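Here is what TrEMBL says about this protein:
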type     : residues                                           : note
DOMAIN   : 29-291                                             : domain 'DUS-like FMN-binding'
BINDING  : Pro31, Met32, Val33, Gln85, His184, Ala238, Arg239 : FMN binding site
ACT_SITE : Cys114                                             : active site, proton donor
Amino acid sequence: MIGDIRETEECQLKDPMDLFHSGQVVKICAPMVRYSKLAFRTLVRKYSCDLCYTPMIVAADFVRSAKARDSEFTTNKGDHPLIVQFAAKEAQVLCDAARIICPFADGIDLNCGCPQRWAISEGYGACLINKPELVKDMVRHVRSQIDNPKFSVSIKIRIHEDLKRTVDLCQKAEAAGVSWITVHGRSIEERHQPVHYDAIKIIKQSMSIPIVANGDIKTLKDAENVHHLTEADGIMVARGLLANPAMFAGYEETPVQCIQDWVDIALEHGTPFTCFHHHLMYMMERITSKQEKKVFNVLSSTSAVLDYLNYHYGV
């Protein structure tokens, strides 16, 4: 795959930092396991999403295995600006992954926020917020080994109970040359508790690089409120975009045209049925009755889904 796209990709790259210098709040599609793949990124870009992340990729596997690279990462010339998110715990492994990806993406992001047990037990994700020197070392290594000054190096974190520790981590990362920091306003232990937007504001006020706010943003109104509460330079959305990929364009719920666009894009990209169907289940959650969900959610083939959409929505 990587050899195949080199020709078309290199001239398409963009500087993600230009978005943060535009004076507008940057609208970002979060890294989501299984979901923020090329077809979905293509869809949200049609509806005013400025910047997209890939799902998290384990850097060591990506470096070691061509098979992992082919299955984990696909892109095309319209898929920019694009940030590839890696799970890593060693500076050189992250650098090697960044070097491989550099011709095809606009930056990398180090995952310091994933709270899943497997990630933490492997030394990845949210446990890195307790290792500020390691995070600093990883950022500095990538900065020194990637020649392209426009290639961004960002991190995505959760917060500590003691916010001074989070501010210290962020300041160390800034000193090492990090481009921006995304803050999910919950601690490692918190799942569904309210997001600490006040903490994001304190971090923003302590830094001179862009800060992106993340957590519980379901609508454009939420995004505006969170920007107001935190003064963040960007807003990153996960589930809100799954439920309504047209959210950033101001739609309150998924418009039929967006469903049509997803069908066209997913079929064109050869999206596996389960992923194709799951996205539609999320997108139609707010616009279908309980009875309709019962029928739609058990459909088991692309043709059955297409027949249903054609009959009920004219798609």
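For all residues, glycine too, the Cβ spot is worked out from N, Cα and C.
No curator has checked TrEMBL annotations; they are predicted automatically.
Shown here: features listed in TrEMBL, placed on the structure.
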residue: Pro31; record: FMN binding site; contacts (Cβ under 8 Å, 6+ apart): Tyr53, Thr54, Pro55, Met56, Gln85, Asp109, Asn111, Lys156
residue: Met32; record: FMN binding site; contacts (Cβ under 8 Å, 6+ apart): Pro55, Ala238, Leu242
residue: Val33; record: FMN binding site; contacts (Cβ under 8 Å, 6+ apart): Pro55, Met56
residue: Cys114; record: active site, proton donor; contacts (Cβ under 8 Å, 6+ apart): Met56, Ala87, Ile120, Tyr124, Gly125, Ala126
residue: His184; record: FMN binding site; contacts (Cβ under 8 Å, 6+ apart): Gly113, Lys156, Ile157, Arg158, Ile159, Val195, Asn214, Gly215
residue: Arg239; record: FMN binding site; contacts (Cβ under 8 Å, 6+ apart): Lys218
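Here the binding residues for FMN are Pro31, Met32, Val33, Gln85, His184, Ala238, Arg239. Their largest Cα to Cα distance works out to 18 Å. Around Ala238 (FMN binding site), a 10 Å sphere centred on its CB holds 21 further CB atoms from the protein chains shown.
Averaged over the domain 'DUS-like FMN-binding' (29-291), the predicted model has a pLDDT of 97.
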